[in-house]
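Feature annotations, courtesy of TrEMBL:
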TRANSMEM  30-53  transmembrane segment
DOMAIN    44-315  domain 'G-protein coupled receptors family 1 profile'
TRANSMEM  65-88  transmembrane segment
TRANSMEM  108-132  transmembrane segment
TRANSMEM  152-171  transmembrane segment
TRANSMEM  215-240  transmembrane segment
TRANSMEM  303-323  transmembrane segment
REGION    492-514  region 'Disordered'
COMPBIAS  501-514  compositional bias 'Low complexity'
Amino acid sequence: MRESSKNWLENNANNTGQHSQDYFYYSEEAAVMTITSGSLSTMSSLLIILIILRSRTKLTSSYHRIMLFMSISDIFASVPITLATLPMPSDVLYPFATLAMGNMKTCSAQAFFIILGQVCAVLSNVILNLYYLLKFRYNKSDDFIKKKLEPVGYTLSVIIGLTSAAVALAFNMLNPTPYVPFCFAGSYPFDCLMDDEVECIAGRVSQKEETIFKIIYLSIIGCAFFAVLISMVLVILSVFKTRRDSRKRKEEMQRKGRNAGTASSERQYYDDVITPETSNPANALELGEDRNLENTNSVMKVALMYIMAFFLTWIWSIIAVAAGSFSNWGNILWIVLDRAKPIFNPAQGLFNLFIFVYNKVHILRKGSTEAMSFCEALKIVITKPKEVPEFLIPSLDMVDLDIRTKRQERKDLERSHEMIERDMAEDQRINDEMIEQDQDLSFPNSSSSEFISIDTPSIQMSAAVSSYGFEERALDKDVFLSEDLSIESSKHMPYYLQKNSSSSLSESEYSSLK
């Protein structure tokens, strides 16, 4: 144990908690947890950046740009955390079990980048969730997000992060702390502002000023927490509304399809047998809606996974702050919190990598024409991101549920449906008229006097037929008197003429007509 730490413990022998050598954050266990989690997070963020830069779309996608900013922010925080107690002064008061080889300046630098990276990472989560919200609920284009959301979001994130770290540095508040196994914001020793007998080595500010800074820092995280929570609720509500509207549209189109289908057996056969998926608008709309719902569910799942990763990273710190206000919460809670914070707090990059790669693997397997195992898809995504087809890049533009477009598509389908129905009705009307005319021209209803003046079958009979409203061309004498009269030539003749058109009229038949 360092001599400075031994003296500090002896001077505070009557106190417990952070003054005890058995305090958890002084142990090697806490340091190993922190170093492992920070290292994995750093490597994960680097891998995300590598996949993005080697992909086909690179930084042309808003999703990729936001993930790049989030990964860079995480690296700014994770790399200093991985150093643990190493940048602390070699004569640090706290009895950390791991090595300390730095000074106050290296300690301040470590804390500066941790605060900068964490604030930017937290706010980048807000940007990502606003991205999903704008795409799902408000159907905003990538161009709108690129010109409106991203510049404002990145600028505010960097400004707030730099301001928070710079203010703490200006007040000399970036020091070793017993609450975490790395340098962070706080007075040094941590209780010098609460005990007049303890002299402050660094961070000589009033208790009120230190409290204000902590409140501001935690407020940033708290506001981001609630912003992410609200966006999650709105995204879920939007997806449920999309599902409900889609279900109603499908039911409406199916009902219209059934009603139209009963109008004609020929139309029913055309819908059910010939081309069911293209001739029936209900089927076509249902197919498109199913695809949109499937894509929407997939992207919503990814959005919720990012939100849960954010909660899993920061919920422990928020609970610890709340637990500090209630001393009767018990030691069991603190045992859980003390071990959860060094594991989850630096692990944002690791969670992001799991979600980022899972999403790409899922879409790659789904879009593959051949069966592909998870491991095969994972290998392609990580080692050969350029081979991933561009349309498989997880962009919400592929599944943008643009309401106006859907309405126009629906109107086009309905218009096509109505045109088919109109043509079918017109054909049916013409057939009915021809049947009625055929019945009117039958012998039982005809008067023989109308045929008395017929002298020549080829001429006079044509005149007689013309009186019933038929074109004379339908009874051309050469066609009518031909023994080889075809069906194609006689299909417009009345029934009694078709019956007698199989051969030329004999003299006796002609006499009987007269």
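Any Cβ shown, glycine's included, is placed from N, Cα and C.
Bear in mind that the values here come from a model prediction, so they are computed numbers and not experimental data.
Here the listed stretches are 30-53, 108-132, 152-171, 215-240, and the one with the most C-beta pairs under 8 angstroms to the transmembrane segment (65-88) is 108-132.
Residues 115, 119, 122-123, 125-126, 129-130, 132-133, 136-137, 160, 164, 185, 296-297, 300, 303-304, 307, 310-311, 314, 317-318, 321 of the same chain lie 6 or more positions beyond the ends of the transmembrane segment (215-240) yet place their CB under 8 Å from a CB of it.
The average pLDDT the prediction assigns to the domain 'G-protein coupled receptors family 1 profile' (44-315) is 82.
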